[in-house]
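Note sheet for the following structure.
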Amino acid sequence: MLLSQCIDLIIILLFLSFVSVSSIESMEQMTIELKEPETDDTKDVYNGFIYLNHSSIIQINLNNSIEELSFIIFQVHSHLYKVTMYRNKFQSDTYEYGTNIGLYSKIAENDVFYIKNMNNDIDLKLYLAIQGYKKQDPVPGGCNMESHVPVSTDLVIQEFSDYLYVDIAPAQNPQEPNCLNPSQVSVKVYLMYMPERNFDADVYFESIKSMMNLPSIEKNGVIVPAMSKMMQMRRIVGLYPGTGMVFVAVAKAGADGYALYVPAQTYGCSPFSNDGCELIKDLLSCVLCALLLFVGLFLCYLRHRFFKIELFTFGFTSGFVLTYIFISYLVVTDRTAVVAASALSGLFFGSMWLMFWWVYGIPIIALLLTSLNLGFLMASLFYYVIPDDLYFREDLNYWLIFALIVLVCAIIMISATFEANILACAILGGYAVIYPIDYYIGSNLKYILINTMRRATVPNFKSATLVLNYQYKDLVLTLLWASLTVTSFAYQYYTNYGRPPFPPPPRGIRARPPSFARLSARDPGTCDERTPLLS
């Protein structure tokens, strides 16, 4: 974090050193009149939009007429492109650089603020918000010990491939300015999801505005628990690339005192690049994902007519998943290589399972693997739907319950082999159909399985908070999944009614013994109870 801040500072200093004065437009000025909040539930003394041209700077003066105001938090929000903000004079402890930034200021100091757009050829629309606080309110980030500014009101987001960190500077208790016991101020972090795969600037600003006052934060947001008792100022959240997330922290002290940190937003990816928000980036994974659509349709409607292909499919799936988890957990390597090795292992597992049926031909054993696959999906769905709980962050608790759900599904399905096999294929086939569609339209039902794979292969993922993100696209895919399940079950049940539930294995077909053939050829009229069975 300190390294990134040093890099930002170097970039700004280089810009100020090498850009000539003539290349920067004349400085604009504006004066903001601070007014009383419209309601008692808000702290806003000003909010509005401004437009800032490229390579330009604006000076903002404040005119305060609110007597009880003690300090303010001046916020600037920009969509995608970073801006620089500083107070009075640009130096290391007075500036912030980013897309969601804010500065603390005491009213008595009459600070002047400057906002600079250092992006070439890009004019920006900025949302400004000033929140005013009284003496009994805590100072957000007032007990900061890491950031370069004395009072750090920003949330710092560190993104990884599967999760992200949200770090908060401790708040200062107004009754204890020396920060000897910052734990007296409680800090809660809220999360709100933005519409899936929507990178529009207007949606971005509306999302930020909906997390700017306490009532709307409590209405729209979900509380994110601390990472651990020893790390109360850090949150870890599962990442859904392409789905925007807005975080905000609320500091409370005493009965009525509270203050808001500057909201922070991330898409979990880079919308600038074509594949920056795509989970599937290699050709092999794209091909397998596309084939999954046709495999799902086959399982839904043609499973019984091609029983051996069904056996091979579930053998391949089981081998692929187990190998992927095993390799990813033990070795850090290229994803394409892991997928290729898992596919080869899946071919081997599918062939061996088909060979097992060819040799033994036991329907219950053949159904067992299908039931275990369904149990795996149901256990993953269970953890995807239920609210996040600290109890499940322990590996023993998580995997014991996971295994229990898998075994219960398998036992229930084995009790009725024919109907259970059709139902399992209908559910699994329906999910296989919506899985590639989910990738294409950018919804989040694919994370039913992906989160389980992350839990098995990513060491720190067990500490991540997983908040159910169910939106309109997810509802449409859920209805499609349910429709495929119902129609395919009805179709296969009625088209195969009265037929043998399972075809005989090739090794089970034997030529009739000659004696049996001769016995069958006898005239029934010449046989009585004294006729020997063998002749």
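Glycine too: its Cβ is placed from the backbone N, Cα and C atoms.
Curation plays no part in TrEMBL annotations; they are all automatic predictions.
TrEMBL lists 1-23 with the feature signal peptide. Residues or ranges marked as transmembrane segment in TrEMBL: 279-302, 309-331, 337-358, 365-386, 398-415, 422-441. The domain 'TM7S3/TM198-like' feature in TrEMBL is assigned to 289-493.
Here the listed stretches are 337-358, 398-415, 422-441, and the one with the most C-beta pairs under 8 angstroms to the transmembrane segment (279-302) is 422-441.
When Cβ-Cβ distances under 8 Å to the transmembrane segment (398-415) are tallied for each of 309-331, 337-358, 365-386, 422-441, the top count falls to 365-386.
The list of residues near the transmembrane segment (309-331) in space but at least 6 beyond its ends in sequence, with Cβ under 8 angstroms from a Cβ of it, reads 295, 298-299, 303, 338-339, 341-343, 345-354, 357, 366, 369-370, 372-373, 376, 425, 453, 456-457.
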